Amino acid sequence: MSANLSPIDTAKFVAARRAVEYVEDGMKVGLGTGSTAAWMVRCLGELVREEGLRIVGVPTSSRTAELARRVGIKVVSLDEAKWLDLTIDGADEVDPALNLIKGGGGALLQEKIVATASDRMIVIADASKHVETLGAFPLPVEVIPFGWQTTKALVEETLSGLDVLGHSTTLRLNGEAPYVTDEGNFILDLHLKRIGNARQTSLVLNQIPGVVENGLFIDICDIVVTGHGDGRVVINDINTGLREEERLEVVESENIFADLDD
Ligand SMILES: O=C[C@H](O)[C@H](O)[C@H](O)COP(=O)(O)O
């Protein structure tokens, strides 16, 4: 069957489809969160079901855990797996050095822990995620609920010293109530004017009491697989400098497209 995907879903799907080629039998794989990562989980599930691929998956959110189980991937905790061969995840922004902003879907904390505990991190993205400088996408910062308004004020005061803060810092909402992460925390979205020094910004943010983690992923990602709406994928490996392009055909079994609610 030829799937009738929109160009954006085609881009996400081909990136995911190409990225799962890095997964080998017996691997322990970190499973990212978000709409692009959901394609990867479906692709991996298909390989498990149809080709007998034997892997264990460590999900980075309750959403991903649920989807992974549904598509037939054996799910274990990070503490059971201890160290992972590979993590595949999406991103909100990717810069030329493959530094990232993540957390648009609220899963940055588990994502950063899982990616850091992996030999390699592969990011899957559509072309719109590439930027020259990080920071147009609001930077998510996970904070504990206790005293969050004080933490917000401290974040604003600290960033004004770095001259990176734009017009506002907002508490992420779920309807009228604060959005609550899988770890029971809140998220502040930082609207920045620029991030001149992402490493410094990340370190400074994580020094503030009440801040649990921020969405800057510096020197964590090894490979970016970028999908395009016409089926092209571009692979960028920061360690080898390799850049290659190929084209994938979007002709898939019904199973993988049967469940598109994620
Ligand atoms: O918290 C969510 C994650 O960092 C996502 O990987 C990121 O927001 C990208 O999501 P999507 O693939 O839906 O654009």
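Yeah, the Cβs are placed from backbone N, Cα and C, and that goes for glycine too.
Site annotation (TrEMBL, ligand substrate) includes Thr33, Gly34, Ser35, Thr36, Asp89, Gly90, Ala91, Asp92, Lys102, Gly103, Gly104, Gly105; from Lys129, Lys152, Lys193, the additional listed residue is Lys129. In this structure, Ser35 (substrate binding site) is part of a helix by DSSP. Counting Cβ atoms from all protein chains shown, Lys102 (substrate binding site) has 30 others lying within 10 Å of its own Cβ. For Asp89 (substrate binding site), the Cβ neighbour count at a 10 Å cut-off comes to 31, with all displayed protein chains included.
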